[in-house]
Amino acid sequence: MSSPQQQENTSPDSKEEESRHLLTAPLPQSTSPLINGDADDDEEEFAYGSGEKIHVVEFDSVPIDGVDYSTVPPFSWKKLWQFTGPGFLMSIAFLDPGNLEGDLQAGAIAGYSLLWLLLWATVMGLMIQLLSARIGVATGRHLAELCREEYPRWAGLLLWFMAEVALIGADIQEVIGSAIAIKILSRGVLPLWAGVLITASDCFLLLVLENYGIRKLEAVFAVLISTMALSFAWMFGDAKPNGKELLAGLLIPKLSSRTVRQAVGVVGCVIMPHNVFLHSALVQSREIDLKKKGQVQEALNYYSIESSFALLISFMINLFVTTVFAKGFYGSEQAGSLGLVNAGQFLQDKYGGGLFPILYIWGIGLLAAGQSSTITGTYAGQFIMGGFLDLRLKKWLRALITRSCAIVPTIIVALIFNRSESSLDVLNEWLNVLQSIQIPFALIPLLTLVSKEDIMGTFKIGPTLERVAWTIAVLVMVINGYLLLDFFVSEVNGPLFAFLVCAGTAGYIAFILYLISHGGGNVANWFNLLRTKGYSYAGQ
């Protein structure tokens, strides 16, 4: 054993070699300057532990003198395959039962005329999701964690509450959609509440899959998305939509006064609050050295490609559903009464049995959509709860808590609203409103944080991209605001309820303005300048 004196006399060459090794070693996430706490903190606080991340080829190559790690290496199909996965899990939110109901109603009421809007809404959703991936890759932290660190505690807790409410609302729609599919496939033997209980078991499926690694989980989702694609493509083939009308609907923008509500629904379904939080965490499943700018940029490039491809597939699936119902029910008496509950039977009556009854094809596609979206909802709930509250719980316990928070109200809803189809339609409208209210509390933190240099460093978005992103965000919020206004005008009755709605709206707007002014970037500076001028003018 060497003495302290001998250790101090270690040769300069060995010290230099040790220093060089430390400088070139990958940066553990626990040493990130954005993390508050000791290096000894439990690894469970991160989205993925070091042992859970997928190893990327060539990322562990021995550092070589003279190599510029700020440059992006050449494109590699092998690396693209290794980065493929998070975008497909993210794309599930574009295919959940709520979206499918919006698709079928848009097709039945508006025909092919809103296909162009579906296309551009998907493009807008892609841009928001790429910003979510950007903040996760560049910082090594997901959006919920960053919100906890960047906002005061009261604001962070309020954002967490809003995210949880949005997640529960989305989960109710997804679980009910799965339960409807189970009822269809069981020929009515299993009631809605039984389907809810069966769907609740996906939490345990998630826990089992997580034990086998993120790649196995991604493979299961690939199977579910393929099932949806095949089911709805089969329906598309049976329906034989008009090719010319389909192409005209995609290329020629049309919007009439009687299809405004469906148009709002198409755009409103694109941005799911929990999905914005989810994608920023999913991209951390790959091992990336944050010190090497070229490696970070390379990861962003690959994630952009795979997310774009994933949303292209989701767009095609939504297109299939919309066109099938446009061909079969546009201009018919049933158009205004179509929903998830009766859509399968209407399809069966319209297109008949055939080799494989279209009712069951619809049921299989709907079941795949519901099951996949409930699993991703549980996954998102883990990150949202752990990130905002800084919980050190094991992932299985977090998943169980998240699932319980959503499944208990869902069972109650299933028992209450199982009496009629119209009651489920009313429930769906209320849930859409609930999620629309939450959208600013995911978009505003994302856009303010991704434009702050002290968080993003050189990867913060530029002024042009910031303006485009805020334009999209404002457009989505205004469209959802129209939906809210239209809904409350028709539903609010009585002076007490009207007073509560007005008071809640005032607080809601005040919190949105606070989030905008608190964040950095050009938009926050512009807003604060306007506010200062307003105070000066009022003082005069």
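Just so it is clear, glycine is given a Cβ too, placed from its N, Cα and C backbone atoms.
Per TrEMBL, the feature compositional bias 'Polar residues' maps to 1-12. Residues or ranges marked as region 'Disordered' in TrEMBL: 1-42. Residues or ranges marked as transmembrane segment in TrEMBL: 109-131, 151-170, 190-208, 220-237, 263-283, 309-330, 359-380, 400-418, 470-490, 496-516.
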Remote residues contacting the transmembrane segment (309-330) - C-beta distance under 8 A, at least 6 residues beyond either end: 87-88, 90-91, 94-95, 99-100, 103-112, 114-115, 118-119, 122, 125-126, 129, 225, 228-229, 232-233, 235-236, 239-242, 246, 338, 343, 346-347, 350-351
Among the ranges 190-208, 470-490, 496-516, the one whose Cβ pairs under 8 Å to the transmembrane segment (109-131) are most numerous: 470-490
For the transmembrane segment (359-380), sequence-distant contacts whose Cβ falls under 8 Å of one of its Cβ atoms, 6 or more beyond its ends: 89, 92-93, 95-97, 100, 167, 170-171, 174-175, 177-182, 184-185, 199, 202-203, 205-206, 221, 224-225, 227-228, 231-232, 234-235, 274-275, 277-278, 281, 340, 343-345, 347-348, 399, 402-403, 406
Candidate ranges 151-170, 263-283, 496-516 - greatest C-beta contact count to the transmembrane segment (470-490) (under 8 angstroms): 263-283
Spatial neighbours of the transmembrane segment (151-170) far in sequence, C-beta under 8 Å, 6+ residues away: 93, 96, 98, 144, 272-274, 277, 373, 377, 380-381, 384-385, 388-389, 402, 405-406, 409, 431, 434-435, 438, 441-442, 445, 511, 514-515, 518
